[in-house]
Each structure stands twice: as structure tokens, then as C-alpha cells.
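Engineer: Dumping the structure here so I can ask a few things about it.
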Amino acid sequence: MLANHFQNGIETARLVWSRIPNSEESQLLDDAVGILKKNDGGGVESLDYEVIENFAYREEQAQRGKLYVSYLLVVKWFFALLIGICTGLAAVVINIAVENFAGWKFSVTFNIIQKSYIAGFVVYVLINLALVFSSVYIITQFAPAAAGSGIPEIKGYLNGVDIHGILLFRTLIGKIFGSIGSVGGGLALGKEGPLVHTGACIASLLGQGGSTKYHLNSRWFQVFKSDRDRRDLVTCGCAAGVAAAFRAPVGGVLFALEEVTSWWRSQLMWRVFFTSAVVAVVVRAAMGWCKSGKCGHFGSGGFIIWDISDGQEDYSFAELFPMAIIGVIGGLLGSLFNQLTLYITTWRRNHLHKKGSRVKIIEACLVSILTSAISFGLPLLRKCSPCPDSDLASGIECPRPPGMYGNYVNFFCSKDKEYNDLATIFFNTQDDAIRNLFSAKTINEYSSQSLLTFLVMFYALAVITFGTAVPAGQFVPGIMIGSTYGRLVGMFVVKYYRRLNIEEGTYALLGAASFLGGSMRMTVSLCVIMVEISNNLKFLPLIMLVLLISKAVGDAFNEGIYEEQAQLRGIPLLESRPKYEMRNMTAKEACGSGRVVSFPRVVKVSDVVSILRSNKHNGFPVIDHTRSGEPLVIGLVLRSHLLVILQSKVDFQHSPLPSDPRGGGRSIRHDSGEFAKPVSSKGICIDDIHLSSDDLEMYIDLAPFLNPSPYIVPEDMSLTKVYNLFRQLGLRHLFVVPRPSCVVGLITRKDLLIEDKENVNTLELQSTSVRIPQQNKRLMTRNIDVERPLLNGLLQNQIPD
């Protein structure tokens with residue numbers, strides 16, 4: 001009977017393996033993961049953060065009153081509440097699942113090793129292998145975009161770049177269950193980075209009303225359809241993810257501000273802060289509920305907060321030197337980590353992952369076996385140490401079984417009152433290992449040989465694991481590495497300074513901050529996060545010191561890990577500072593010598609189809625002529641809008657003459673929501689539109705659909721100024737024109753200080769709304785002044801999109 005079950009299991013495994021795509025089939029999946037080609041920008045598309053003030057938009061805004069504006073304001077705050085609740089619940093599910101898998105794994109393994117260490121090792125390896133296999137299988141077969149931390153992709157999205165698939169429903173599911181498998185399987189990675197991506201996915205899905213593909217949508221939530229509004233929601237989701245991962249609401253707000261966003265305003269900060277506060281309440285309520293024992297093995301571990309408030313009370317001026325040394329070490333090891341992971345990821349991309357999904361699965365499983373063998377085998381090589389004298393006041397128990405919260409783990413020890421210091425940090429969950437390294441009043445718990453062994457091996461495992469096809473965060477591995485060498489430095493300080501108030505755990509905390517600063521290059525947000533998770537404000541100046549030093553040292557060698565990974569994936573990020581070479585370049589030089597592809601105001605349908613098929617531009621200037629025959633640039637029309645017009649066919653006309661929007665003869669056939677592209681998807685493609693021969697002979701008047709007021713710059717403007725304008729306004733297109741021949745006016749600060757007599761409660765409008773004073777509403781008509789040129793002259797060129 002048992003043999004039959006075993007044979008059935010083997011056949012099932014073979015069947016599943018045979019259904020995994022080969023190298024040719026998996027090539028399509030690689031495009032969705034985000035490893036993009038720089039030369040053609042495959043898989044990358046810019047976002048339209050600019051307000052397209054076309055005829056349909058102005059008509060829609062003219063019909064909105066104060067009640068609708070108040071409704072939008074309420075909905076924004078309601079969405080912030082939902083994002084906080086959902087992200088907090090997702091974090092609770094991930095943490096409870098990981099802690100239960102880990103607790104069950106260590107409990108089973110410990111019971112078996114009482115009889116046989118070999119059998120315990122085999123069971124330990126198989127459990128980890130099963131969890132990692134489930135994670136990598138979900139990623140490779142269901143949600144390729146869920147691999148990695150997701151922070152570089154989200155940073156690119158908030159920078160104005162949309163990568164197909166990163167915010168879809170299947171990506172969210174893959175991120176949650178993939179994180180449970182990879183972290184529960186004991187790999188040298190964390191769940192904190194994926195939680196940021198999870199929060200962004202939740203925010204995006206709520207903003208678009210759910211998932212249409214899986215029929216999980218509601219029209220009541222389909223309020224914010226523009227890229228600008230979705231950007232605000234995704235920003236809230238990123239902050240919520242950090243707040244849920246570290247129980248650090250203020251750190252979450254600062255992380256969104258410092259690391260991922262390129263555009264910020266005060267109204268958005270209020271909502272982001274509110275979202276993070278909601279997450280903190282949800283997580284705290286979940287932890288209070290779990291303390292009653294209803295969450296299985298979930299107990300004092302789980303959510304990260306390493307309370308060292310009872311640690312070192314004060315520090316002397318002489319200790320600043322070894323603390324500065326920790327900052328230097330963090331900068332060196334952090335920059336080396338970035339460089340090594342860049343080399344290995346590039347090699348994986350060019351040689352290994354091209355061979356298909358099966359190779360990715362085999363790779364992740366081999367890394368799992370290697371990690372399990374090291375974490376189980378190395379502690380066996382260490383001799384056990386006698387337990388220190390028990391102190392009931394300290395609350396420290398010695399020894400403890402493996403995998404249980406606390407210090408002094410008994411592993412392969414011949415006597416009862418002995419512990420294995422290497423097993424205390426290696427054969428344990430990462431959260432509990434960090435808590436052990438940070439713990440106070442545990443001087444001489446670890447030997448320098450054990451810490452050095454762990455540092456070298458875990459550093460190597462973290463480098464190898466980074467880049468595998470599983471959800472992977474770098475926060476916790478970085479804290480593990482930094483706290484190890486920080487504790488090493490603390491041991492030497494205790495030995496040579498001979499002061500009773502020095503705690504090794506304090507130096508472990510500073511080491512963790514220094515490595516994260518040297519690798520991620522964050523300062524303010526990381527400083528606040530470390531203070532929040534340590535629950536000790538006295539360490540703030542010290543954390544600031546090591547962060548500044550580690551970042552300065554790391555910047556001397558390479559960029560931060562997220563910037564390097566974004567560059568490797570081909571994500572065209574616009575950094576906060578333009579390159580130095582741009583100072584000697586002009587806008588016209590950046591455009592190149594290519595001919596500008598433009599449309600006349602009234603264009604034939606066949607010409608539109610031909611131009612859209614022949615190039616990949618996403619924006620086109622629209623040219624009209626005056627009565628004297630002079631060309632005039634009357635606006636910009638987007639490719640996505642043209643595709644909607646071609647698909648609907650309701651705006652086709654037989655006459656090649658312009659329609660007259662002034663007379664009001666035409667009714668509104670489109671609203672602004674119809675032109676919105678589904679988030680993180682390709683939207684409508686020209687090949688999906690089917691037109692008859694009669695359709696191709698008709699015409700379209702583009703005047704009602706173009707943006708009559710795009711941003712323009714003179715051709716001789718410095719490229720540095722163009723760069724700053726483009727990035728700070730979140731533009732997708734920028735016209736470059738000749739110098740104007742005349743000036744119609746000059747706007748100063750006082751011209752913009754218009755008195756607002758409306759209710760103060762309606763100050764915050766939808767990010768794509770237009771405010772129309774009551775006395776001027778009668779001047780608004782359903783038209784667009786197509787006769788008014790942007791500038792008297794021809795369009796020279798356009799910044800490529």
C-alpha cells in the first residue's frame with residue numbers, strides 16, 4: 001500500500017515536471033519578469049502624469065460641482081484607509097504563515113534529532129526544499145513579475161515608467177505565497193522588500209476597482225483612472241508595506257519620500273501618514289490577538305521589533321572611533337555586496353535563466369539544499385559552551401531547543417547545561433537570530449570564531465540567493481550581516497575598553513544600520529526605521545553617524561542596490577540630479593536629427609493606421625494652418641487616444657474639413673475614463689483593431705482630442721534645465737520649438753496669488769481637476785480654441801518618449 005502511494009507520488013511529480021515550459025516557451029515569461037532590453041525598451045512604457053486638457057476633459061470638469069469635489073476628497077481618504085487595512089492584513093497572513101512553517105519545521109526536526117541527526121538533517125532539508133519549490137514554481141509558472149523584491153520596479157513606476165505586469169492581481173498573489181515559501185524555506189532573504197511591492201499592488205488594484213481578468217472588480221471603486229491618481233495610491237501602498245514590515249509607520253512615510261517617489265506634495269503626505277498609522281493599528285491588533293495562542297507557533301517572533309530599550313544606557317567619546325570603523329566596514333561590505341550581486345545577476349541573465357523555467361527551479365532548489373546543509377551542518381562542527389550562571393531577573397533561559405525564541409540554543413550538545421552559539425544564529429529564523437544578536441546583557445555569548453564563520457557563510461549565501469526566481473528582500477539579510485560584524489567590533493570594544501556599561505548588542509544594531517546604509521544608500525528613512533524597531537531613541541545620534549559614514553564610503557565605489565538593479569533591468573530611471581555632461585548640451589541636441597512625426601488636424605484614418613504601425617511613438621504634434629497658409633502647432637495627441645478613437649469608430653467623418661466644436665453641434669462621445677490605460681498592462685494594440693476598407697477612407701478631426709497646452713521649451717535651453725523640468729513635472733513629452741518672435745505677457749508671483757473664496761474644505765481637489773471660479777463659468781463653452789497657436793513657428797523636435 002505504501003509502495004503504491006510512493007509510486008503515485010513519483011508519477012505525479014513527473015507529470016508536473018513535464019508540464020513546465022522549456023527554454024523556448026519560457027522566453028515569453030522572461031519579458032514579464034522585468035529583465036528588459038535597453039536598446040528597444042521592451043516591456044517598458046512611460047506613464048502620462050501630465051493632465052491632458054482636451055475637449056472631453058474640459059467638458060467633464062465644467063459639469064463637476066462642489067459636491068463632486070467633496071466626494072472625491074472623501075473617497076481619497078477612504079482608499080487610504082482600505083490600503084492600510086488590506087496591507088496590514090496581508091502582512092499578518094505572511095508573518096503568521098512564515099512563523100508557523102518555521103516553528104513546525106524546527107519542532108519536527110528537533111524531535112527527530114533526539115534519535116538521529118542524519119534523519120533530522122534529511123527531514124530539515126526536505127521541508128525547506130518543499131517550501132522553496134512551491135515558491136519558485138508559483139513565480140515561474142504563475143507570476144514572473146513577482147520575483148525579487150519589486151522595489152526597483154515600483155521606484156520606476158513612481159518615476160514615470162510602467163513595466164507590464166508588476167501591479168497585476170496575479171503578481172500580488174504570487175508575491176504573498178511566494179514570500180511565504182521562500183522565507184519559510186530558510187533562504188538568505190527577507191519578506192520586507194516584497195511587502196513594499198505587495199502594498200503597491202493592493203493600492204493599484206483598489207484604485208482600478210479590482211481585477212477584470214479574474215472577475216474581481218467593482219464599479220464603485222473605479223473612481224481614479226488617471227496615472228496621476230494611481231501614482232498617489234501606489235505611494236500610499238509603498239509606505240504601508242514598510243510600515244507593515246517593520247512596524248515603523250514614520251519610517252514608512254520617510255521611505256516613500258526618500259527612496260521611491262520622484263514627486264511629492266503636502267496633501268499626499270497626510271494620506272500616506274494616515275495609511276501608515278492604519279497599518280500600525282492593524283498589526284498591533286493582530287499581535288494582541290495572537291498572544292492568546294490562537295496563531296499556532298506565532299509568538300514573540302514574527303513582526304520585526306527588536307526591543308533593546310534595556311541595553312546600553314550611555315556611551316563615551318572614546319567609543320565614537322570604533323563606531324566610525326563600523327560605518328567604514330558597512331560602506332565597504334555594502335558596496336561589495338552590490339557589485340557581487342550585479343555580476344552574478346548579469347551572469348544569470350545571460351547564461352542561466354535563458355535556458356528556461358526548469359533551470360530556474362533547479363537553481364532555487366540547489367540554493368535551498370546548500371543553505372540547509374550549511375545552516376544544519378556548520379553548528380555540528382562547533383563545540384558547545386557551558387551556560388552562564390542563571391539570573392532570574394534577566395529572564396534568560398539556558399539552554400533552549402532550536403527554533404524557539406531566545407538565546408542559548410541547545411544543538412548537538414552532550415550535556416544539558418550547554419548551548420551552541422553558532423546554532424543560536426544559524427539554525428534559527430532570521431528574526432529570532434537578529435533578536436539574539438541585538439540582545440543586551442549577553443556578553444561572551446558568542447565566540448569570535450562563530451561570528452566570523454557566520455559572517456562569511458551568510459554573506460556568501462545572501463549574494464548567491466539574490467537573483468533567484470523567488471520573492472526576495474534585502475533588508476533582513478543586510479541586518480543579519482551588519483549585526484554580525486557589529487557584534488564582533490563590540491566584543492573587541494568590551495575587551496579593550498573594560499567598561500561595564502558597554503553592550504555588544506548596541507554595536508550589532510549600529511552594524512546593521514551601517515550595512516544597510518552602505519548597500520541601499522538610504523539615510524533619513526533608514527535612521528528612523530532603525531530607531532523604531534529598536535525602541536531606543538538614545539541611539540539616534542550613533543545611527544546617524546554610521547549611516548552618514550557608510551553612505552559616503554559606498555558612494556565612492558558604486559550606486560545603491562536598487563539603482564543598480566533598475567539599471568540592470570533596463571528601467572530608465574530619472575535620478576534627482578542630471579548628469580554633469582548635460583550642462584554643455586541644449587534641448588535641440590538631445591532631440592537628435594530624426595524627423596518629427598506629426599498629424600494634420602483632419603487626418604485620414606488610413607494615414608493614422610499607417611503611422612501607428614510604422615513607429616512606436618506615444619505622442620504626436622498636431623499641425624494646422626492659418627488662412628495665410630502658415631503652419632501652426634495646435635497641440636499634442638497621444639497614441640493611446642488615437643487607438644481608442646480607432647476602436648470606437650464613432651468619431652469618423654466623411655468630410656475632410658474640420659468640424660466646428662464652437663457651435664456645439666457635436667455631443668460628447670467620450671469621457672476621460674475611456675482614454676485611461678489599464679494599470680501595468682499593454683492596453684489596446686494597433687493589431688487588435690479591425691477596420692474595413694470603408695473605415696480607412698474616412699477622416700478624423702483631432703482637435704477635440706489633443707492637448708492644446710503641452711509643455712514647451714526653446715531649442716537652445718540647457719539640457720540640465722530641461723531635465724529638471726521633465727522630472728519634477730513628471731512629463732512624458734516635451735516640445736522643442738524655435739525662439740518665439742514676440743511675448744504676449746509676463747507672469748510673476750503676485751499674478752498667481754489669486755484669492756480663493758470657496759469653502760476651505762474643498763481646497764484639495766482631484767489631482768487632475770480644474771477649478772473654475774463661479775463668475776467665470778458662463779465664459780466656459782464646449783470648445784477648444786484650435787486657432788490659437790502654441791508659438792508662432794514650426795515645431796523643431798520633441799524629446800523622445
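Every residue, even glycine, has its Cβ placed from backbone N, Cα and C.
TrEMBL labels come from automatic prediction, so no person has curated them.
What TrEMBL shows for this protein is this:
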- 68-97: transmembrane segment (TRANSMEM)
- 117-139: transmembrane segment (TRANSMEM)
- 233-256: transmembrane segment (TRANSMEM)
- 268-287: transmembrane segment (TRANSMEM)
- 320-341: transmembrane segment (TRANSMEM)
- 451-469: transmembrane segment (TRANSMEM)
- 475-494: transmembrane segment (TRANSMEM)
- 506-531: transmembrane segment (TRANSMEM)
- 706-763: domain 'CBS' (DOMAIN)
Engineer: Quick check: do the transmembrane segment (475-494) and the transmembrane segment (268-287) share at least 3 Cβ pairs under 8 Å, counting only pairs 6+ apart in sequence?
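Structural biologist: Contact criterion not met.
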Engineer: Name the range, of those listed as 68-97, 233-256, 320-341, 451-469, 506-531, that has the largest tally of Cβ pairs under 8 Å with the transmembrane segment (117-139).
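Structural biologist: By the under-8 Å Cβ criterion, the transmembrane segment (117-139) pairs most with 451-469.
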Engineer: Looking at the transmembrane segment (68-97) and the transmembrane segment (268-287), are there 3+ C-beta pairs under 8 A, with each pair at least 6 apart in sequence?
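Structural biologist: Yes, these stretches are in contact.
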Engineer: Looking only at the domain 'CBS' (706-763), what are its DSSP counts of helix, strand and coil residues?
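Structural biologist: When I sort the residues of the domain 'CBS' (706-763) into the three classes, I find 17 helix, 8 strand, 33 coil.
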Engineer: If you count Cβ pairs under 8 Å, which stretch among 233-256, 268-287, 320-341, 506-531 touches the transmembrane segment (451-469) the most?
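Structural biologist: Between the stretches 233-256, 268-287, 320-341, 506-531, 320-341 has the largest tally.
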